[in-house]
């Protein structure tokens, strides 16, 4: 083992309390993302907003809403390199500052084009945050709780959306331009809190070790293991991460996007597809334009925003079951079942709008609530969990940046086209997205391998690749004392890592990668 003495810890929180505190705080980043997604849905239907912007048409509204995705798209691509250069913590701080500046521009806008600039700037912050938070979370989480912690993050995202909807609703009672400026200003407050807090949370130990800051990395590992510098599991954890870094450097293949694409093309495409279908499955038709959907169904004015708020509460509650289920049922079952329910709900939404009978308004509300609940339990959290799981450490930041950029690209397409399609094809818009749900079911069923309980260092084996590392450091990674489930194989067996041998010295079983027929 490498003998590295950790720095004396100054943290009052160590062990699991530190892990959960980090997770809760990092989730503010995705809370901001969710808040910004929902805040526009309520204010674009308000009379003072329409009056200030001279009754903008559907294309102008769509651009105002969706242009945020262009900023997010640009910085989510750049975030891969930024995250490797300045670290996960530095990227989080930068994203929060940029987002806060964008929120200020939106709040004090003097017209349509200034609002567009503010949305783009906020989008740049959101792009950094939405890329780096899942990476940061995956790198500090133990494998048997990695899914649950990622799903908790998504709950914060949806809670941010729900918060924005209710802020919009109560602000709608204000008889002035403050009815839409106040919801926008709250972005600045939350962004400032996140920026300040990001200065005190610890850096990712994996990034520190990868940049040869071994002492600092070891200190954080020790803190996450309870604060005892003599903890043998913490020492083994450091040793395995360091060994992996050295091994990957000895390969001498570089870390460019081209190398990543050549070596891990399948993983990159799967990561991109998960984020693409998260948007094509229709969530932002509801998320960005829920009041408009309800108005189309017969709920008018403030009642449409109220229905959106009720829907948002149920949406938030639907994100709680995956906390328990994702590390028990696995990723595939949740994605498949969610796609079925969402597709049916979208089809029925279109049908009720087509028949247009007195029961239509209430029926559409029920269908939208069922759809949002299914998305919140499945295609909401999993596409943010899956990409950082399947990408290796050397390319994790770049791979997740590409998948997140895919999310924002499709986010922009859906956000920009929805107002036009609502007028052009009316009720047909909803079964169209239901068709995409069917496509996503087929894709997951045939192509997505299960990653439940698999250590990050073992993903090469899951994908049946010949060049893979013989490590199991994450089996007891950062606070995990529970044994990870095995993955079946008909071929090779991977040797135990340092941590596994220490924790499971009396257990003769080994981790086995799945064969091609098992995927």
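For all residues, glycine too, the Cβ spot is worked out from N, Cα and C.
TrEMBL tags one of the stretches 144-170, 225-251, 360-386 as transmembrane segment, and that stretch is 360-386. Ranges compared are 41-60, 61-80, and TrEMBL records transmembrane segment for 61-80. TrEMBL lists transmembrane segment for one of the ranges 389-408, 409-428, 429-448, namely 429-448. Counted over residue pairs separated by six or more positions, the transmembrane segment (92-114) shares fewer than 3 Cβ pairs under 8 angstroms with the transmembrane segment (333-354), which leaves the two as not touching.
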